[in-house]
Amino acid sequence: MKLSELAPRERHNFIYFMLFFFFYYFIMSAYFPFFPVWLAEVNHLTKTETGIVFSCISLFAIIFQPVFGLISDKLGLRKHLLWTITILLILFAPFFIFVFSPLLQMNIMAGALVGGVYLGIVFSSRSGAVEAYIERVSRANRFEYGKVRVSGCVGWALCASITGILFSIDPNITFWIASGFALILGVLLWVSKPESSNSAEVIDALGANRQAFSMRTAAELFRMPRFWGFIIYVVGVASVYDVFDQQFANFFKGFFSSPQRGTEVFGFVTTGGELLNALIMFCAPAIINRIGAKNALLIAGLIMSVRILGSSFATSAVEVIILKMLHMFEIPFLLVGTFKYISSAFKGKLSATLFLIGFNLSKQLSSVVLSAWVGRMYDTVGFHQAYLILGCITLSFTVISLFTLKGSKTLLPATA
């Protein structure tokens, strides 16, 4: 529905939650892309220790993700979860500067566990809860979720360049900016009125909201061969790629005259890539509708394999910049392809549980195991040799997935 056709309250909610997405993903971008750089340069962690931190974050994401999904479904349009995450984000700078960093330098395991709890709650688990809540608000207030979500891409892209510049001056500046923007999130939550209309409540009562996780549907999935075929792809391709990307920033900045210059360029490339990602995301549903979800996942796997293997042979800054930009082509095919594959290859009632177990939890569980091992490999054989091994793994599993993923001759609507 057009913005002009919305009621005043609905129009206000559209604006409030568009801004909420912008500032939330701005804050997330202050953490995620440059986190391995912060661990290495500020806290002097080895690549093995960095892998341990990532493993802990994934571990606590596994613990909290299902819990927050259930709580989110129970709360509906009430703002309790968003208030909790906003308060925790206000503490972003104090936590990183006065708690997380000293703990990491004093005891790596204590720091990894405490940081894993905080980051696993605020970002790895809660980002899904934020997305689900605002999607629910969009249905209750008759505006399109996708139009609101684009502002998150813009916030992420803008912060990447700012952080790349400020990191060379003082990383703490970015953390304080993030905490300040979290205060704005609080104001936006305070003024928003996301209560649904009567008709929306009826739709909600009829089960239009996403199905909650249940052990019965999980057990039904485990008996399906096509479920395990999908798991093979997620664990062998998508999960390995995520672990590869965790410390790519440290590899990237090594190709420049100084680490500071490398960090700045990494920020600019991330910004350009994120804007390109948003553009491709608009086109991806129509493309995937034409080629099919299985082929979309295979193309994503091929792009991931090319990027990892290409990185193992990269010798110049230009090459790593081009390889970094490939990430923005892979993401739309992976995300949209996953949703379309789930909807075409499985029963509708299984889709939510399948996405939770088959995609999110399996990726996080794989990351718990792989992150520390890959970090250790970086320290022992170096980035190039490790990337060659990881690239061969993803390429092999992409080929295997050609036979284990289920194809579908039925084309889906061109909406993600």
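Heads up, the Cβ atoms here are built off N, Cα and C, so glycines get one too.
Per Swiss-Prot, the features are as follows:
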TOPO_DOM  1-13  topological domain 'Cytoplasmic'
TRANSMEM  14-34  transmembrane segment
TOPO_DOM  35-50  topological domain 'Periplasmic'
TRANSMEM  51-71  transmembrane segment
TOPO_DOM  72-80  topological domain 'Cytoplasmic'
TRANSMEM  81-101  transmembrane segment
TRANSMEM  103-123  transmembrane segment
TOPO_DOM  124-149  topological domain 'Cytoplasmic'
TRANSMEM  150-170  transmembrane segment
TRANSMEM  171-191  transmembrane segment
TOPO_DOM  192-223  topological domain 'Cytoplasmic'
TRANSMEM  224-244  transmembrane segment
TOPO_DOM  245-267  topological domain 'Periplasmic'
TRANSMEM  268-288  transmembrane segment
SITE      GLU274  site 'Substrate binding and proton translocation'
TOPO_DOM  289-295  topological domain 'Cytoplasmic'
TRANSMEM  296-316  transmembrane segment
SITE      ARG307  site 'Proton translocation'
TRANSMEM  317-337  transmembrane segment
SITE      HIS327  site 'Proton translocation'
SITE      GLU330  site 'Proton translocation'
TOPO_DOM  338-353  topological domain 'Cytoplasmic'
TRANSMEM  354-374  transmembrane segment
TOPO_DOM  375-384  topological domain 'Periplasmic'
TRANSMEM  385-405  transmembrane segment
TOPO_DOM  406-416  topological domain 'Cytoplasmic'
Rounded to a whole number, how many Å is the Cα of HIS327 (site 'Proton translocation') away from the Cα of GLU274 (site 'Substrate binding and proton translocation')? 9
Nonlocal neighbours by CB distance (under 8 Å) for GLU274 (site 'Substrate binding and proton translocation'), same chain, sequence gap 6 or more: CYS153, TRP156, ALA157, ALA160, MET328
Should anything in the same chain at least six residues away from the transmembrane segment (171-191) have a Cβ under 8 Å from its Cβ atoms, list it; otherwise answer none. 12, 16-17, 19-20, 23-24, 26-27, 30-31, 34, 38, 42, 79, 82-83, 86-87, 89-94, 96-97, 159, 162-163
Measuring Cα to Cα, how many Å separate GLU330 (site 'Proton translocation') from ARG307 (site 'Proton translocation')? 10
The topological domain 'Periplasmic' (375-384) resolves under DSSP into 9 helix, 0 strand, 1 coil
Within the predicted model, mean pLDDT of the topological domain 'Cytoplasmic' (192-223): 58
Near ARG307 (site 'Proton translocation'), how many other Cβ atoms are within 10 Å of its Cβ? 24
Looking only at residues six or more beyond either end of the transmembrane segment (317-337), which have a C-beta under 8 A from one in the stretch? 238, 241, 245, 248, 251-252, 255-256, 265-266, 269-270, 272-274, 276-277, 280-281, 283-285, 288, 293, 296-297, 299-300, 303-304, 306-307, 310-311, 416
Reported in the order helix, strand, coil, what are the DSSP residue counts of the topological domain 'Periplasmic' (245-267)? 17 helix, 0 strand, 6 coil
Least buried of the recorded sites HIS327, GLU330, going by other Cβ atoms within 10 Å? HIS327
With pairs closer than 6 in sequence left out, are the transmembrane segment (354-374) and the transmembrane segment (296-316) joined by 3 or more CB pairs under 8 Å? no
Could you tell me whether the transmembrane segment (150-170) and the transmembrane segment (14-34) are in contact, taking contact to mean 3+ Cβ pairs under 8 Å with a sequence separation of 6 or more? yes
Counting only residues 6+ away from its ends, which parts of the chain sit with a Cβ under 8 Å from the transmembrane segment (224-244)? 54, 297, 300-301, 304-305, 307-308, 311, 330, 334, 341-342, 345-346, 354, 358-359, 362-363, 366-367, 370-371, 374, 387, 390, 393-394, 396-398, 400-401, 404-406
